[in-house]
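To keep things clear, I will list the structure first and then write my remarks on it.
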Ligand SMILES: *[C@@H]1O[C@H](CO)[C@@H](O)[C@H](O)[C@H]1NC(C)=O
């Protein structure tokens with residue numbers, strides 16, 4: 001398979017010295033292979049650093065402790081637990097639920113390759129689903145969708161353990177709908193129900209029953225949570241793509257979890273033709289198409305051929321050498337979608353590459369993008385380039401995973417990581433107290449948030465490692481969640 005970005009001299013060499021070059025590049029690649037197993041363990045460990053609520057005794061990231069213990073109190077409910085989405089202290093359920101769905105999908109597809117990390121992955125999923133279950137069941141007729149006023153939070157630079165900003169509770173209901181956040185929550189609970197099906201049947205049943213109810217609510221009261229909650233979620237996690245993608249995604253996961261034909265009929269009624277070249281916490285069409293194509297590729301079920309076609313059209317928009325590609329790549333061969341936190345798109349799309357490759361292999365299937373023949377190896381190779389880039393195979397030789405490799409981001413945009421821990425600095429650091437001397441300092445962060453993958457390099461493969469530059473230096477749960485599966489995929493065989 002030709003390298004996606006080749007230069008004329010290497011083409012010339014390969015014409016004349018193909019065999020020689022092959023053996024050289026093979027040796028080079030073998031040496032350069034990252035330690036995927038180490039990266040996998042770290043990528044999951046990261047989630048412990050994002051925990052909200054009461055920290056258990058077996059916590060391995062020990063510079064974090066209890067926080068948000070009164071979350072939900074303003075609505076007279078218990079909404080403790082869950083994850084802070086990124087470098088702040090807010091719980092936003094739309095990205096948190098997407099994180100949960102992707103971690104669960106990773107465990108389902110790649111659990112067999114995770115070895116001892118499967119247990120840690122399940123624990124990371126459960127930390128989110130325990131919270132999401134509370135959000136879905138605490139008050140009949142309401143789905144809680146977040147805790148913490150994001151505007152108040154963003155004015156402060158303080159540790160989660162010191163957080164003293166208003167913990168406003170946000171919800172959607174019949175009169176204030178949120179089909180996007182509800183559809184994603186249903187997807188997360190349904191996907192997690194599959195993860196726990198054999199290991200904790202009772203928990204799995206609760207997850208699935210709740211997923212069904214939340215999906216009904218998403219369908220019965222249609223509307224976007226961005227309209228219902230406006231400045232509480234926008235511009236932070238505004239549902240830019242609308243809610244149809246979450247309805248398709250939720251239905252796809254409920255179909256996989258139940259096999260109930262009613263979800264297939266729902267998918268048909270929602271219609272197809274959802275052209276996209278992105279996959280993220282906001283836009284899930286491509287993920288749903290890949291997930292649904294599984295039935296076409298693995299079971300040869302013709303009813304799902306439409307989704308296979310959609311998934312393949314998506315791949316043709318991503319592959320760099322495809323005639324219908326609409327995806328940019330940096331000189332260093334990193335997929336470059338959008339300048340803010342680009343690695344979130346890289347990890348999410350890479351998950352689809354490895355997973356579609358896996359389905360294609362199982363179904364002994366290839367497809368075409370114009371006259372380009374796409375094999376399982378084509379998708380796997382592109383995925384490997386992306387994963388390897390993140391782990392340091394790039395022009396700067398910089399690993400974008402904190403604590404992995406020799407050279408990694410030292411000044412990540414993350415309140416807990418950048419401020420001294422409670423153990424070393426027991427006195428509270430108030431809202432304003434963190435900016436000077438910590439946030440604006442050039443010093444490296446005192447607490448290493450092992451495994452955190454940051455927003456990543458810019459379009460020129462450059463990375464300033466500047467704490468104030470959140471577009472590049474902020475980690476996020478959904479960046480990591482989508483990377484766990486591909487890391488397990490590559491650590492399984494090598
Ligand atoms: C990318 O980052 C590097 C390092 O900070 C910087 O010098 C360069 O100007 C940036 N390039 C773009 C296109 O932003």
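In case you wondered, yes, glycine gets a Cβ from its N, Cα and C as well.
According to TrEMBL, the feature signal peptide maps to 1-32.
Residues or ranges marked as domain 'Glycoside hydrolase family 9' by TrEMBL: 36-486.
Counting every protein chain shown, 25 other Cβ atoms lie within 10 Å of the Cβ of residue 413 (active site). Among the features that TrEMBL reports, active site is placed at 413 (among others).
Cβ environment of residue 465 (active site): 409, 410, 411, 473 lie under 8 Å away, each six or more residues apart in the same chain. What TrEMBL records for 465 (among others) is active site.
When secondary structure is read from DSSP and collapsed to three states, residue 474 (active site) falls in the coil class. Remark: residue 474 (active site) has 86, 87, 341, 412, 413, 414, 454, 455 as non-local neighbours, by Cβ distance under 8 Å and separation of at least 6 in sequence. Sequence annotations record features per position, and here TrEMBL assigns active site to 474 (among others).
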